[in-house]
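See below for the structure under consideration.
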Amino acid sequence: MTEGVEVHQTQTNSTDAATAAVTRSRTSSLQAVETDPGSEEPHQQEDESSRFLEVQHHSKGGAEDSSDGPVAPDGGWGWVVVAATILVLAMTLAFPSCIGIFYTDLQNDFQASNTETSWVPAIMMAVLHAGGPICSVLVESLGCRKTIIIGGILSGLGMAASSFAQTIVELYITAGIITGMGFSLSFQPSITMVGHYFVRRRAFANALSSIGTALGLSTLPLLANYLLSSFGWRGSFLVLGGVLLNCCVCGAVMRPLGAKPKMEARPGETDNPQLKTNCLSISQEREGLKGRLRATLSTVVPFLRRHMAFDLLCSHPYFCAYAFGVSWMMLGFVVPLVYLVPYATTYGMEQDRAALLMAILGLINITVRPATALVFGLPRFRGSHNFAYLFATAVLINGLSNCICGIATTFSVLLAYVIVFGVSMSLIGSLLFTVLMDTVEMSRFPSALGLISIMESIMLLLGPPLAGILVDSTGQYAYVFFACSITGSTAGLFIMLSFYWLDRQKNREVKSSFTHKDIKMTIDCDYTPVPLQSNNVRDMETDV
C-alpha cells in the first residue's frame, strides 16, 4: 500500500514538473509576444504543445534520428509503411524480370534480334534507376506520398499503352521510358520513408522491406505466364498496367511524420532564390556573358550538391568505393534474370518449368530475407563496417554462382544454381540500402541514392544489350552467364578490399593521433606521477 502511494506521488510530482515546465515556457512565449509585436500567440502555443508531445514521446522510449526533424517512432504506423514498401518493391524492382517471360513472343512478333529485344528491359531498368534526381526534386517539393502516387499513375498508364505498341521503338518509349520513370518515382521515396520511420531498427526494417523484391520475383513470373497463355502478351501488358496502379494505394498510406523542418542557412545553398535571381539579373546586365555564366554556376552547383551528391565522390572515400563497386556489379546483376527463361527453353525445357525456376528464386528470397532481417538486427552487427563486408561477400558468391548456370543443361543443375543465386541475392537486397545508410548521413541519403542510381542506370542500360550482342555473335547463352560471373566477382572483391584498406588507413590515423597526443603530454609535463629516488633524497636533505 505504501509503495503504491509512493509510486502515485512520484507520478504526480513528475506530472506537476512537466506542467510547470510547460507553464514556464508559455510564460516566456507571452513575454516574447509583448516584446515583439509582430509575433503571433497561437503559433507559439502550437509550437509549445508540439514540444510537450515530443517530451512525452521521449519519456516513452521513442527513438530519434540524428537530424532536427520529427521523432522517428521505430514502430507503430512505421510497420504499415514497411508493408506498403514491400508491395511497391514487388511491383517495381521485380517487374523487369517478367520481361523474360514475354521475351520470345516479343522477339517473334516484332521480328527483332536479341539485341533489339533486350533494349526493352534495359531501358526500363535504366530509367528506373536514372530517375533519382527527378524523384529527389519531386520529393522535396511535393513530398514522398504524392510522388509515389504520381509514379503509380505513370507506370500503370505506360504499361497499358505498351499493349497497343506496333513497333519495337514504341515499346521502348511506353514500357521502357514511361513505365520505368513511374517505377523510379515509386520505389525511391518508399525506401526513404522507411529510413525516416526507423532509426534503431533501421537494418531490420530495410531487410524486411526488401522482401518485396522477393515477393515480386515469386509471383509476377507465374502471373505473367498465366496471362500470356490466356490473353497473349498484349492483353497481359494491359492487365499488368492495372496491377501497377496499386502503387497509388501504397503511396496513400505513407503518412509523413510531421511538418518539414526548417533548414539551416548554408552559404551558397539555401539563399533566397528570388533575391538571388534579382541580384544575378543586375550582374548579367553589367557583366554580360560573364555574369550569365556566374549565374548559371551559382544555381547549378547547389542543385547538383543537393540532389546528386557529387561532392561525396571527392570527400567521402567509403561512398566512392561503394558507389563504383555497386555500379560495376549492376552490369551483370540483372542479366541472368532476363536470360534465365530463354536459356532454359533453349535446351528443350518447357515454358512452365522455366517460369517455375523464377518462382523458386522468389520463394528463396522470401524465406531468406526475413531470417537475415532478424540476424542483422542483433547488436553485434551494429557499427563499424560489418554490413559492408557481408555485402561484398554476398556479391562475390553471387557472381561466382553464374558459372554453374553456364554449364547447366538439366533442371536439377539449374535448380542448384537458382538456390545459390537466390540466397546471395537475398543478402544483397537486404544490405544494399543499409550499407548506404551506414556510409553517409541520413540527411544526404536521398541525394546519395540519386547519384548511385544514375551510375547504376548506365550499367543497367548497357548490360542486357551487351549480352544480346554476345548471344547474336556466338549463338549461345552460356557466355552471357560467364561474363556476368566475371563482373559480379570482381565487384565483390573491389568493395571488400577497398573497405578493408580504408579501415586500415583510418585505424592508422587514429593510432598516430593518439601517439602524438601522448608524446606532447609527456613533454609538457613538469613532474612525474611516480616520485624518483633523486627527488626523495633531495626532500630528505631539505627536512634535515
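Using the three backbone atoms N, Cα and C, a Cβ is placed for every residue, glycine included.
Quick look at what TrEMBL lists:
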REGION    1-71  region 'Disordered'
COMPBIAS  14-29  compositional bias 'Low complexity'
COMPBIAS  40-63  compositional bias 'Basic and acidic residues'
TRANSMEM  77-103  transmembrane segment
DOMAIN    78-506  domain 'Major facilitator superfamily (MFS) profile'
TRANSMEM  118-139  transmembrane segment
TRANSMEM  148-165  transmembrane segment
TRANSMEM  171-191  transmembrane segment
TRANSMEM  203-224  transmembrane segment
TRANSMEM  236-254  transmembrane segment
TRANSMEM  318-342  transmembrane segment
TRANSMEM  354-376  transmembrane segment
TRANSMEM  388-409  transmembrane segment
TRANSMEM  415-436  transmembrane segment
TRANSMEM  448-471  transmembrane segment
TRANSMEM  477-502  transmembrane segment
In terms of Cβ proximity under 8 Å, which residues at least six beyond the ends of the transmembrane segment (77-103) contact it?
117, 120-121, 124-125, 128, 148, 155, 175, 183, 186-187, 190-191, 193-194, 197-198, 205, 208-217, 219-221, 224-225, 228, 233, 236, 240, 243-244, 246-247, 250-251, 253-255, 334, 337-342, 355, 358, 362
Compare 236-254, 318-342, 354-376 by their Cβ pairs under 8 Å to the transmembrane segment (118-139) and return the stretch that comes out on top.
318-342
Verify whether three or more Cβ pairs under 8 angstroms connect the transmembrane segment (388-409) with the transmembrane segment (236-254), leaving out any pair fewer than 6 apart in sequence.
no
For the transmembrane segment (203-224), find every same-chain residue at least 6 residues outside the stretch whose CB is under 8 Å from a CB in it, and list them.
78, 82, 85-95, 97-98, 100-102, 190-191, 194-195, 197, 236, 240, 243, 337, 341, 355-356, 358-366, 368-370, 372-374, 376-377, 381-382, 387, 426, 429-434, 437
Highest-contact recorded stretch vs the transmembrane segment (318-342), from 148-165, 171-191, 354-376, 388-409, 448-471, CB pairs under 8 Å:
448-471
Verify whether three or more Cβ pairs under 8 angstroms connect the transmembrane segment (415-436) with the transmembrane segment (388-409), leaving out any pair fewer than 6 apart in sequence.
yes
